[in-house]
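Trainee: Pulled these features from TrEMBL for this protein:
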{"type": "TRANSMEM", "residues": "20-42", "note": "transmembrane segment"}
{"type": "TRANSMEM", "residues": "54-71", "note": "transmembrane segment"}
{"type": "TRANSMEM", "residues": "103-122", "note": "transmembrane segment"}
{"type": "TRANSMEM", "residues": "134-155", "note": "transmembrane segment"}
{"type": "TRANSMEM", "residues": "161-179", "note": "transmembrane segment"}
{"type": "TRANSMEM", "residues": "191-210", "note": "transmembrane segment"}
{"type": "TRANSMEM", "residues": "230-248", "note": "transmembrane segment"}
{"type": "TRANSMEM", "residues": "307-330", "note": "transmembrane segment"}
{"type": "TRANSMEM", "residues": "365-382", "note": "transmembrane segment"}
{"type": "TRANSMEM", "residues": "394-417", "note": "transmembrane segment"}
Amino acid sequence: MAEKLNLKYNFDDKPPFYIIFLQGLQWLVLILPPLVIVASTIAKLNSFTYSEEVNFLAKIFLISGLFQILQLKFGHKLPLLIGPSTALMLGFVLNPGASLEEISFASISIGIFILLFAKSNIIKRFSLLQSKGITVSVLLLIGISLIPISINLGFSSVPFTSTENIIFILILSIITIFFSKQSFPLSKFSIFFFMSISSIIFLIFIKPMHTEPVLSANLFSLQMPKFDPVITISFLFCYLGVVINEIGSTQSLFGVLNIPPSLEKINKGILFDAISGIFSGVFGSVGTVSYSLTPALIVMTQNASKYSFYLVGLIFILASIYPTLVGIFVQIPTQVIAASLLVVGYIQIEAAIKLSKSEKGYHSLHIGLISFLGYLIIPYIFEKVVIILPELNILSGLFLNGFSAGLLSAIIAEIIYRIFNRARLY
């Protein structure tokens, strides 16, 4: 049995203000890169103007900050950072022809579906979504999906040639991964440090900063939803990724803090993820999920106090009101975002491999490999089929989207495995 982790400050403890402040800054440095990466990736691949990108990131700051506080107060009540879901980001970037109105409808409708799913406590019956094989598949599929997005950004970046961009992205990624593997205390913040340093060098010597003023962030501009079955089906599987990520994040924290697993906490976490998805659909942003970034730092600092997490939420809400401040993060060069995406993709794939090795046998690894084959093969086959049978185009969101196809393959493989496993017992 694992030893109980001795914390200086538990979840409900209130440390001195200077500790709350310093720990809050640590959490801020840890969560800021994913927020900026998600916003910048969507904005750059959809050719947003500078003002539109500032407005989009401001909305992500606002929704992430708001749901950071709501999860702590009414949701899972766990020391976890909240930010935009990478799985939902794929819903944007893997549907390049989709309008914000179509994405808005998909996010709202599937968010309501997941909300009802969580409210009915049906998660208790869906042990399938809590299996290691499915979790490994989600991590693997997100990581694999990020790699071509990173390369695409590299090829479309200026002022360098595509070859120069790819070389720069690979070098920066390798350096960042190398330092993140080291054991010194600040190694966990490698993405933040190298994003900052390379961005400063880039903006001083290569590409001047934008001087276009953004007078105010239009935080509450509403989207008029528009139904598209392809986009909606695609988002259903992206939201399944969110549910599985939420389960994985909360369970990883239970393990680190040596507290009994709680289906009620998992359910409440999913409930507020769904509400954030509905809000995001209404206001044109990206829904949130709990990040599994915090356990290592909690072990290091022995501080799991909720108050430093409240501070992070408050800072993001206040930052969203000041477009000039948000505009600083929008200045980060495309090449740096592409390198950061590559690092995040590597981290996801590495986590999938580690998780698959943590159990006896190769079940999780087999399910993960099946999901990878689904990711590669199903879209290719369906592309040929839909030429012959164009009426099947309605299923494009499921079968042309590599993430959705891979996750469906993993779910089917897990069901078949369980059926055969039960048959063997009788």
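Note that Cβ sites are derived from N, Cα and C of the backbone, with glycine treated the same way.
TrEMBL entries are annotated by machine, without manual review.
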Trainee: Six or more residues out from either end of the transmembrane segment (307-330), which same-chain residues have a Cβ under 8 Å from its Cβ atoms?
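Mentor: Cβ under 8 Å, 6 or more out: 14-15, 19-21, 23-24, 26-28, 31-32, 35-36, 39-40, 43, 50, 53-55, 57-59, 61-62, 64-69, 72, 79-82, 210, 214-217, 219.
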Trainee: Cβ pairs under 8 Å only, please: of the recorded stretches 20-42, 54-71, 103-122, 230-248, 394-417, which one is richest in them relative to the transmembrane segment (365-382)?
Mentor: 394-417
Trainee: May I ask for the residues of the chain that lie six or more residues beyond the transmembrane segment (103-122) and have a Cβ under 8 Å from a Cβ within it?
Mentor: 88, 91-92, 95, 223-228, 231-232, 234-236, 238-239, 242-243, 267-268, 270-271, 273-278, 280-282, 284, 287
Trainee: Sequence-remote contacts (6 or more beyond its ends) of the transmembrane segment (134-155), Cβ cut-off under 8 Å?
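Mentor: For the transmembrane segment (134-155), the far contacts come to 41, 44-45, 86-87, 90, 93-94, 128, 162, 165-166, 169, 241, 244-245, 247-248, 334-335, 337-339, 341-342, 344-349, 351-352, 355-356, 364-365, 367-368, 370-372, 375, 402-403, 406-407, 410-411, 414.
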Trainee: Between the stretches 20-42, 161-179, 230-248, which one has more Cβ pairs under 8 Å with the transmembrane segment (54-71) than any other?
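Mentor: Stretch with the highest Cβ contact count: 20-42.
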Trainee: List, by number or range, the same-chain residues at least 6 past the transmembrane segment (394-417) whose CB is under 8 A from its CB atoms?
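Mentor: For the transmembrane segment (394-417), the sequence-distant neighbours (Cβ-Cβ under 8 Å, at least 6 residues beyond its ends) are 87, 90, 94-95, 128, 131, 133-134, 137-138, 140-142, 144-145, 229-238, 240-241, 363, 366-368, 370-376, 378-379, 382-383, 386.
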Trainee: If we skip the immediate neighbours and take only residues 6+ beyond the ends of the transmembrane segment (161-179), which ones have a Cβ under 8 Å from one of its Cβ atoms?
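Mentor: Long-range Cβ neighbours of the transmembrane segment (161-179): 150-151, 154-155, 187, 190-191, 193-194, 198, 335-336, 338-340, 342-343, 346.
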